[in-house]
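Contents: one structure, followed by commentary.
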């Protein structure tokens, strides 16, 4: 019931505020129309002015038993959607979202018609639209290889003078290899074989071009020559659904060659990429060499695919690791490191983890996965829900939002969550009669025996030897998935339950762990100690020399020709790559994370979160989990560079001041003397914003700043103006400053006043921002509007050596004087204690806040309606 209510909230807001636009912008309560909003680059290639979200949601409506709404939606699509727009779209996204959405809608429409109650008027209109779209995608396949161009113009195709596309040379493996389900279904539904033929040709070409010794494929490939452009290989972004479609093509079409290809790839994945519970990218030519030390969130689909194959144990392991990351950050960051730190902080409400949770529950029946699903629902409602829908997270660390609700959120997330909790009687049809596409669209399994126009010549076994034992774990599964032990899944999860929190510090190195157990594994950068003679000997063997610089730093240089063997040289190259990345990571860790400024007074009630830069002096907000809360006041003089003349207005309040004309530390001392509890410096550079500028840290004045005891934060001009505008509108404005945004609706008890026409709220919601990578350090405030930033030096100093040398410096930052440890121990220790601190300081408060004073649903809905009315009033105003 909760999932249904959440879906209604998202879907009704899209229909009310965005339709017929492609997507909803949930912070500003309007539709995203391509060309009318600032370009977001490749992300916008999914938008084609064809009411994307509605088409993507069609079969979700039927799964959720909303047949009347489905009937209305189909009529809208038939009547309103135009597929002949002069617009360049992604072939991959249009295939899985629009073509898949139309085919999924058609599949459930004919099922409902057969049942005799709904859709009696339907005569294949969605299928006709799907066929029209299929023909519009075919020009993209006009290449010698059969691999499609990544983009196509819906009106003019690819090569046409007005097409504005067709010059690309590369495409991703998933982009070319995720077509077979939709194209084959279109051929089987219509009897027109050309679509399935094109998709098969693309898959055949990728299979031919796999790296023969490793049986892996790269991330991007040249569509004309078939050369691998990016030679790293994993199961995440760029490759993910290629593997998924090989197995599902076998399930849907019954063609053994697809199964044999999948099993060949799967064997390679488990041999090289799977490092339980991690899945790490490797080089296709040197698969023992890791290509990176971080993972992206798209690989969260892979445990679900392993369930479909029948390989349950590694699926449980990887899923549990991902769940631990979610428990740490509330959502899965777009990318995270092997020691579970945030690498890319965004989270666009991706459904892959929910998908794997559903599949694991179906396979195991373990109620643990229902609890996982409950956690996902609670986090979505608590952190992503806004008055006009659900907003993507711009930064999982601060809780800031992005004005974005992708169509896949409605197409997939609610489908998998509903199916996770639904009993058989909650469904109006048997879901087992269908297979899910990568966008969770439903295609009926009876297509396997319909309109078979393609010969099933097995081209796989001609040039590969297959390990027959691998086929034991294939549908139909010939092995017993579980012994008669309901605790089987728990026994696999148990060793991993603290894998995230205990990932550091490392007690002993891998080399020490392996003593006495055969050949030692290669020395890893994270284990290296410059004071360890054995490590220095290993470096020498790998062709790596260690140079002590005059400034006290240590530089590493590798000469491959000096290595003891080619294998040692390869180990040396990997060691240097790891060391460079480790050095870069550590530099980032020396930077302070962004802080959150949350407006908690009426009418915002904690829904507006602004990203602030920290100071390298004064109180550290991260050590005070409850944060600092108070009313804001503007100081006089506004620059804060002399004694404050209005101390009575500033005392016990949060002081706002302008950047410039003196040091940050001087401003802090002046407002502290006037009795302020916090200082917020607002940038004087007109139009600056955390959307476009790197995170800004305020440095000290080069002297001792221990006398400054109050917190200081920095807001860019755009974010600062949100608070200043709120003061002008409402006079008294209260904010909460913390290291991370607290629960929304902190003031839920005070929400008894009618919301006025609140320009500021919309502006604030739209400006919810987060930090981008890179940190500017500034200590001086020169006269005038311009400010000089002093950026920290690059930690990598190139060695004046041959072209085959790699160098890294700042070695002292990871050469501890004591035991070998991983990336800085103090931070790890803090991370280990963090859950307990949160439990004592904030969890009990928030629990009391939510459990003990939950307002009636009518009251919440009334407040949301007021919010929506206020947002609508604001549409007339300029930002």
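Here the Cβ of each residue, glycine as well, is placed from N, Cα and C on the backbone.
According to TrEMBL:
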- 93: active site, proton donor (ACT_SITE)
- 240: active site (ACT_SITE)
- 334: active site, proton donor (ACT_SITE)
- 352: active site (ACT_SITE)
- 438: Ca(2+) binding site (BINDING)
- 838-850: compositional bias 'Basic and acidic residues' (COMPBIAS)
- 635-722: domain 'PA' (DOMAIN)
- 754-857: region 'Disordered' (REGION)
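All protein chains considered, the CB of residue 240 (active site) has 25 other CB atoms within 10 Å. Put simply, residue 438 (Ca(2+) binding site) is 11 Å from residue 93 (active site, proton donor) when counted between their Cα atoms. Residue counts of the domain 'PA' (635-722) by helix, strand and coil are 20 helix, 18 strand, 50 coil (DSSP-based).
All protein chains included, residue 334 (active site, proton donor) registers 19 other Cβ atoms within 10 Å of its own Cβ. The average pLDDT computed over the domain 'PA' (635-722) stands at 89.
Taking the Cβ of residue 93 (active site, proton donor) as centre and 10 Å as the limit, one finds 24 other Cβ atoms among all the protein chains shown.
Comparing Cα positions, residue 334 (active site, proton donor) lies closest to 352 out of the recorded positions 240, 352, 438. When the alpha carbons of the residue listed as 'Ca(2+) binding site' and residue 352 (active site) are compared, the span between them is 9 angstrom. Long-range Cβ proximity for residue 352 (active site), meaning a same-chain Cβ under 8 A and a gap of 6 or more residues, is found for 297, 298, 299, 300, 301, 304.
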